[in-house]
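Trainee: Dumping the structure here so I can ask a few things about it.
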Protein chains: 2
Amino acid sequence: MSQARLMDGTGLARRIVEETAKRAADLTERTGVAPCLATVLVGEDPASVTYVRMKQNRSRKAGIESRHVALPAGTTTNELIGTLTALSADPTVHGILLQHPMGHHIDERAAFEAIAPEKDVDGVTLASFSAMSFGLPGFASCTPGGIMRLLDEYDVDPAGKRAVVVGRSAILGKPVGMLLLGRNATVTYCHSRTTDLSAVVREADIVVAAVGRPRLIRGEDIKPGAVVVDAGYNPGNIGDVDFDGARERASLITPVPGGVGPMTIATLLAQTVEAATRQTGV
Amino acid sequence: MSQARLMDGTGLARRIVEETAKRAADLTERTGVAPCLATVLVGEDPASVTYVRMKQNRSRKAGIESRHVALPAGTTTNELIGTLTALSADPTVHGILLQHPMGHHIDERAAFEAIAPEKDVDGVTLASFSAMSFGLPGFASCTPGGIMRLLDEYDVDPAGKRAVVVGRSAILGKPVGMLLLGRNATVTYCHSRTTDLSAVVREADIVVAAVGRPRLIRGEDIKPGAVVVDAGYNPGNIGDVDFDGARERASLITPVPGGVGPMTIATLLAQTVEAATRQTGV
């Protein structure tokens, strides 16, 4: 059997960022306002520091100003909420990104909820989840939003297809399932308590792996012709799917890296400019 | 094969209402406050008038005061929001039920969102949906909450089982799927665009039918030993499941009527007294 076609997230993300940069420049020219993304980081976890720096660099290249708030590791939930509430009220800030995971002493849900929904360009608030679940106006969580955009780009219409989402996190598994359901897929959620994961995955026309366990999905469990989206991040650039095995059976597959990853940041930037456009009201 | 055992919603609901009446009486004795449910009805649709009257009668029998607001059919969304906002702010009202469906000229979502989450005892707000989705404190939509209580009563543990939800409405299909997922079932959502409904239903250890199409689920599609929950309402007391056929194969099944229906009102009353208890703060 021939190998699956690769879904090129890097190339699509580049085009989205170019479009976003044009929209940002246009907004600035028309209104004098530069879109601004505030990034908030608690503590100095090296991986988080790297992620935030990358997001700031990408923002800058897209004509988005970034404002960084670095809080000490000992910051309390209330202090963090105070910071996020102030940024939510600040008219010069259009989008807010709270880098997570945070320390265990922080109530993450309470912190996320302090972000105004219209500035929730990372799609982490409950309001954004509801919007994704019911097709209401709002911002998508960035990885799920990026996955849907990638499917569209490759003309994958989820309607009537069986989609299996492996993982049920608040910002990845659950929302991507709701987005696929909104596009009329028959959606199944699997997770650590699923009894026979292989059997469920074998039914899938579209598999979204979003659980963070290296090569959990075996190539032999991919239905011939299925579309495979690997949103897993594991050390050593290993996805949640056995890429080599899955590639022999799938029709389309995202590489790791270069598949879902770049789409996440592209979605963040596009949503920030969209937020600035809406808030500027022109 | 022997016939399925019936899941007696009428009997369980009666016991829940008795317990609820005791809790209401206890609250009133301790604090002088009687739990109060406000019912809001737009127009005079005969079925809706009947439903609201039934809910008021049941409330009264459980020691819950009811306050009814009847609005003319021509009420605008803004006027309705005004009414709901006032009830949300009224400290003598503990729960609010907005009878739906409403007229097509009403923005139902905007109306629901005017109900304060702590008074949303019918579980219709986006905040309540998020709470059900993420296991956060909040009120369940009444039918989904009643279904979970019924499963518990019959010792059905969803963990590791395959649950198939047929229907994806905002207050029934979507939330009951999220509650089952929170209890560790592997959950599949089916709907009108599902390609081969029979094939999906045949995989289910637990079937929840919540779509409102008479006998859509055929007996022959029930996996032997499955648990069948029929939340469908169709004229003539006909469920979404072919009861006679399903009964031959299932291990447990809800009758229609007398299964899910009574659990919905019992959940509404229990949640109203719970809301009053929380708001009274004793």
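Residue positions begin at 1 at the first shown residue.
Cβ atoms here come from the backbone N, Cα and C positions, even for glycine.
Annotations for this protein, taken from TrEMBL, read as follows:
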type: DOMAIN; residues: A:7-122; note: domain 'Tetrahydrofolate dehydrogenase/cyclohydrolase catalytic'
type: DOMAIN; residues: A:141-279; note: domain 'Tetrahydrofolate dehydrogenase/cyclohydrolase NAD(P)-binding'
type: BINDING; residues: A:GLY167, A:ARG168, A:SER169; note: NADP(+) binding site
Trainee: If you take the centroid of the Cβ atoms of A:GLY167, A:ARG168, A:SER169, the listed NADP(+) site, which other residues of that chain have their Cβ within 8 Å of it?
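Mentor: Neighbours found: A:VAL165, A:VAL166, A:ALA170, A:LEU172, A:GLY173, A:LYS174, A:TYR189, A:HIS191, A:ALA210, A:VAL211.
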Trainee: What does DSSP call A:GLY167 (NADP(+) binding site) in the simple three-state scheme?
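Mentor: Looking at the DSSP assignment, A:GLY167 (NADP(+) binding site) belongs to neither helix nor strand, so coil.
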Trainee: Under 8 Å Cβ-Cβ from A:GLY167 (NADP(+) binding site), six or more apart in the same chain: what's there?
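Mentor: Counting only residues 6 or more apart in sequence, the Cβ neighbours of A:GLY167 (NADP(+) binding site) under 8 Å are A:GLY173, A:CYS190, A:HIS191, A:VAL208, A:ALA209, A:ALA210, A:VAL211, A:GLY212, A:ALA231, A:ASP240.
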Trainee: Among the binding-site residues A:GLY167, A:ARG168, A:SER169, say which ones reach under 8 Å of chain B by Cβ distance, listed as they appear in sequence.
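Mentor: It is A:ARG168, listed by sequence.
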Trainee: Could you say which of the binding-site residues A:ARG168, A:SER169 has its Cβ with the most other Cβ atoms inside 10 Å?
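Mentor: Highest number of other Cβ atoms within 10 Å: A:ARG168.
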Trainee: Please compute the mean pLDDT of the model over the domain 'Tetrahydrofolate dehydrogenase/cyclohydrolase NAD(P)-binding' (A:141-279).
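Mentor: Summarising the domain 'Tetrahydrofolate dehydrogenase/cyclohydrolase NAD(P)-binding' (A:141-279) by its mean pLDDT gives 97.
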Trainee: For the domain 'Tetrahydrofolate dehydrogenase/cyclohydrolase catalytic' (A:7-122), what does DSSP give as the number of helix, strand and coil residues?
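Mentor: Secondary-structure breakdown of the domain 'Tetrahydrofolate dehydrogenase/cyclohydrolase catalytic' (A:7-122): 61 helix, 18 strand, 37 coil.
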